[in-house]
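Following: one structure in structure tokens, then a few remarks.
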Amino acid sequence: MQLYLVLLLISYLLTPIGASILGRCVVAKKLYDGGLNYFEGYSLENWVCLAYFESKFNPSAVYENSRDGSTGFGLFQIRDNEWCDHGKNLCSVSCTALLNPNLKDTIECAKKIVKGKQGMGAWPVWSRNCQLSDILDRWLDGCEL
């Protein structure tokens, strides 16, 4: 619990002034510009859906997973025990870099994760909420890319 509070304080202090929850179309545009549309065969709609269900489009979100003790960082709630510098650091990135609203490090790390054998299934929330959804198109409604 103390670690969580420290991480929350650090993320608050490192979050740029004016950073806030991003709009759906802003997220879609940043992910599109970052090359995620059909990356490894997953449509942009899948990525936007994942971002919503993981963080509600909050690039500075930090949530502790009480089941495994890991902490998720940023838009896609990338876990510290595997992917950033609090654990194995398979993305070669600091966990706090995943909180940047420009999403550059988040997108690059997500690309490494999805290249793994689980694909987007590495995010259980995607499997539950997005994978078999027949309304994925709604995530891009009204967005200009």
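Placement of Cβ uses the backbone N, Cα and C atoms for every residue, glycine included.
If you look up Swiss-Prot, you'll see 1-19 marked as signal peptide. As annotated by Swiss-Prot, domain 'C-type lysozyme' applies to 20-145, with the evidence given as sequence analysis. Summarising the annotation, Swiss-Prot assigns disulfide bond to CYS25-CYS143, CYS49-CYS130, CYS84-CYS95, CYS91-CYS109 and lists sequence analysis as the type of evidence. Residues or ranges marked as active site by Swiss-Prot: GLU54.
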Review point. Across all protein chains in the structure, which of the disulfide-bonded residues CYS49, CYS95, CYS143 has the highest Cβ count within 10 Å?
Key: CYS95
Practice item. Could you work out which of the disulfide-bonded residues (CYS25, CYS130) has its C-beta surrounded by the smallest number of other C-beta atoms within 10 A? Key: CYS25
Review point. How many Å lie between the Cα of the residue listed as 'active site' and the Cα of CYS84 (disulfide bond)?
Key: 17
Point to revise | Integer Cα-Cα distance in angstrom, CYS95 (disulfide bond) to CYS109 (disulfide bond) | key: 11
Practice item. Measure from the Cβ of GLU54 (active site) and count the other Cβ atoms within 10 Å, all protein chains considered. Key: 21
Study note, to complete from the structure: Rounding to whole Å, the Cα atoms of CYS91 (disulfide bond) and CYS84 (disulfide bond) are apart by 6
